[in-house]
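Annotated features in TrEMBL:
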TRANSMEM  B:80-100  transmembrane segment
TRANSMEM  B:106-126  transmembrane segment
TRANSMEM  B:133-151  transmembrane segment
TRANSMEM  B:163-184  transmembrane segment
TRANSMEM  B:196-217  transmembrane segment
TRANSMEM  B:237-259  transmembrane segment
TRANSMEM  B:266-286  transmembrane segment
TRANSMEM  B:292-310  transmembrane segment
Number of protein chains: 2
Amino acid sequence: MGFQLTGKTILVASVLTLTTSSQGLLTTASKSNGSYRYNFATVPLLAEILKLLISSMLLQRQKHTSPEAARVTRHWRTAVLFLVPSIIYWLHNNVQFVTLKYVDPATYQIMGNLKIVTTGLLLWICLKRQLSLLQWLALALLMIGATVSQVKSGCDTASLLAAPVAGYLFGVLSAFLSAIAAVYTEWVMKRNLDSLYWQNMQLYSFGVAFNALGLTLGDVQQGFEKGVWVFTLFQGYDWVTVLVVANLAFSGLLVSWVMKFADSILKVYATSMAMLVTAVVSVIFFDLAPSLQLVLGILTASISLVLYYINPSVLVETRSSRLPK
Amino acid sequence: MGFQLTGKTILVASVLTLTTSSQGLLTTASKSNGSYRYNFATVPLLAEILKLLISSMLLQRQKHTSPEAARVTRHWRTAVLFLVPSIIYWLHNNVQFVTLKYVDPATYQIMGNLKIVTTGLLLWICLKRQLSLLQWLALALLMIGATVSQVKSGCDTASLLAAPVAGYLFGVLSAFLSAIAAVYTEWVMKRNLDSLYWQNMQLYSFGVAFNALGLTLGDVQQGFEKGVWVFTLFQGYDWVTVLVVANLAFSGLLVSWVMKFADSILKVYATSMAMLVTAVVSVIFFDLAPSLQLVLGILTASISLVLYYINPSVLVETRSSRLPK
């Protein structure tokens, strides 16, 4: 597996599942009458700034508490590697925008599950990670379970199987870009023994820069109609919006930890499970009838989790071989 | 597993899948304008008679070709054991009738998938068959896959989760009766080394008797309005109806073989796969758009099949350990 599934790893992955799940719910709660009263593009920027500040503080603390772990490599060749994820995310956002011209958002969301398998493929091809047949089948089941839960009870589910070819191609491209971003980040975090916090600082610095650039370009495109973003940054913010930013930042820090000390597959499990948790919470909150598809999707994803992570010998032994003779 | 998954076993299971799948399609094809022009209750009777004749002929042939295998135990204590499956099937039909007063046929069909897990449970409890955790999870996945494929794209899928309690209880009872019939038949076929054909003859004799009794009771209830069944047996039959009878008989003989030389789980796989094959053939025949649920159900069931039957060492080894060093 490349890492030990310790209690700490399970805890981090579980918290990541909860914060990822909260993100969707908080974002919905931050809307007033169905639309944002604040500029939503400021949320990722502020989250990047917050992550940068927290990582910087943690690095300072680490220098005092365990100086041997606070390893720092200062070199432009290392720093420039942290530019790449920002570029991939920017590409991904653009591909997403184009894909949504060909398919509806529900179909796009279902296609997004492809990233579960593409992440496995890229880990295997690029990082030479060895997955067993059981683990490949488990990843396929996670993808199936996520998809089953997303198929609406409505009558238009055939749309996925009848999308235009360009829709599929861009959907697959989008799934590969997600996977490339994850696998690349994992590689860059693990390639040397630098402190996680120092690596984060480099990663988030580029994140801040790219987001600021994006906001500026947006202002230019709109001819500065709404003013300059720097001066309207917190316009329309309330405490829920602050929670949205804080939660996004916290999730991001957890993802970095997972990439350094676990792997992209664990992140994929956490975010897929988060989608199911969100669906369950929505059912409870909005007093909906739970759909059979949701139940079946959760069961499938849970079986997938067991198949992927449980010790294979536990899986294979029969009851008689476990009992004392 | 209790039996070797040989080429012959796989062949028999595959043919059983195809004949079971054909059964539904042939039965539909035998209708004229949506209803049967013949008395449908005569089909199982004639199939039982046909199976009895074929088994009798095969036993005669076996006595000449391999007399050591043509073992025959003539004793009322052994014979009476073959009465039980007929009684269970009769009970099952009645429970089905009652269940359908509480739930609609689509929900009943979905509940029927429970027999996949109840069969495993009874094999474990009654016949002390040891299944690994992997095999239990595979059975759960087969049940999930079958259910996913049956969930209609229509808007009334919530009905399963909102059925009356009595509907669930009778549905579970029905699933247990199916499983009891299968596991009991397996036990009775395997409990001694008698020729399969001789065991069949005893089993089908009771089958003929019970079906004849059922038809007679039906006539009595209707006050002999339509005459006596013996004299109207082939009324309304055409060549498709003959195919329905022949196919049902052939399937029954294959099931007996599976029970004697393989097990109830293999039968459960064959019949569940048959349901998916029928769905695919229906999509092709009636030029329907394949539903996403059907695709996901087939994928899940196929993964289940691999997980259940593949050699666990193949499942667990990583690619590097397979390559020569």
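Cβ from N, Cα, C; glycine included.
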Look at every Cβ pair spanning the transmembrane segment (B:266-286) and the transmembrane segment (B:106-126), keep those 6 or more apart in sequence, and say whether at least 3 of them are under 8 Å.
yes
Tertiary contacts of the transmembrane segment (B:106-126) (same chain, 6+ residues out, Cβ under 8 Å):
96, 99-100, 135-136, 139-140, 142-143, 146-147, 150-152, 159-160, 163, 167-168, 171-172, 174-176, 178-180, 182-183, 186-187, 263-265, 268, 272
What else in the chain is close to the transmembrane segment (B:163-184), if you only count residues 6 or more beyond its ends and a Cβ gap under 8 Å?
84-85, 88-89, 91-92, 95-96, 98-99, 102-103, 107-108, 111-112, 114-115, 118-119, 121-123, 126-127, 259, 264, 267-268
State the residues, same chain only, that lie 6 or more residues beyond the ends of the transmembrane segment (B:133-151) and have a CB under 8 A from a CB inside it; answer 'none' if no residue qualifies.
106, 109-110, 113-114, 116-117, 120, 157, 265, 268-269, 272, 275-276, 279, 293-294, 296-305, 307-308, 312, 315
By Cβ distance under 8 Å, which residues at least 6 away from the ends of the transmembrane segment (B:196-217) in the same chain are close to it?
39, 41-42, 44-45, 48-49, 51-52, 55-56, 58-59, 62, 70-73, 78-79, 82-83, 85-87, 89-90, 185, 188-189, 229, 252-253, 256-257, 260-261
Six or more residues beyond either end and a Cβ under 8 Å away: which residues meet both conditions relative to the transmembrane segment (B:237-259)?
9, 12-13, 15-16, 19-20, 22-23, 26-27, 29-30, 38, 43-44, 46-48, 50-51, 54-55, 182, 185-186, 189-190, 196, 199-200, 203-204, 266-267, 270
